[in-house]
């Protein structure tokens with residue numbers, strides 16, 4: 001962040017990473033707040049409009065996380081892959097100018113999802129909860145997990161679309177790398193950029209596997225939430241909450257600048273802990 005402040009400008013890759021980091025940070029913070037309230041102070045979730053706001057904010061940042069992650073995959077694919085198609089060449093030339101608009105579209109779409117999530121949560125609670133005499137504390141008459149089920153169906157389209165973008169990006173990049181490698185073998189030459197291409201390909205494929213597991217887990221939440229199988233739901237949510245942190249580590253170690261910064265911070269943190 002300090003280097004970005006000093007430069008006063010961000011390239012397209014840094015813009016995506018910055019927005020992705022902010023989305024994941026706030027998503028995890030809100031998730032921890034929700035878990036804390038549900039375990040320590042469960043009655044506070046029925047104080048209007050705490051549950052609605054938490055659900056809305058969580059849906060907003062989660063949707064932002066998913067869409068910005070997809071934008072990152074598409075960006076890497078367009079930047080690295082080589083095709084002679086005129087439309088692809090046009091995208092390669094214009095991608096840097098398109099990134100801010102893609103990020104803006106992701107945020108606006110996520111804002112719509114968050115607004116819908118708030119409205120659905122409010123209607124579900126009003127229809128299925130009984131008010132006390134004060135009118136502010138609500139007593140639950142149904143399980144709280146059932147309130148958020150409509151949200152999963154609404155944002156499901158967004159998840160499916162972003163997942164298709166990741167699949168297409170991974171396949172295009174795989175084909176481009178395979179063709180490039182065949183050309184190098186035919187000409188008996190070694191391209192210095194080959195290692196960078198392979199490293200980027202490994203990152204895309206690893207993210208594709210992680211994203212697939214995440215998408216499958218998201219789909220399973222629809223099935224097992226309706227079956228009320230708590231043990232399976234806990235495991236699925238554990239996978240969903242692990243994805244942002246794990247993918248962030250992959251991003252850090254795939255970027256030399258971020259990796260160097262992280263390795264520089266860790267010794268400082270260790271020294272401070274030892275001094276305490």
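For all residues, glycine too, the Cβ spot is worked out from N, Cα and C.
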179-202, 203-226 - the one TrEMBL records as transmembrane segment: 203-226
Candidate ranges 79-98, 99-118 [criterion: TrEMBL lists as transmembrane segment]: 99-118
Contact yes or no, the transmembrane segment (232-253) and the transmembrane segment (99-118), 3+ Cβ pairs under 8 Å, gap 6+: no
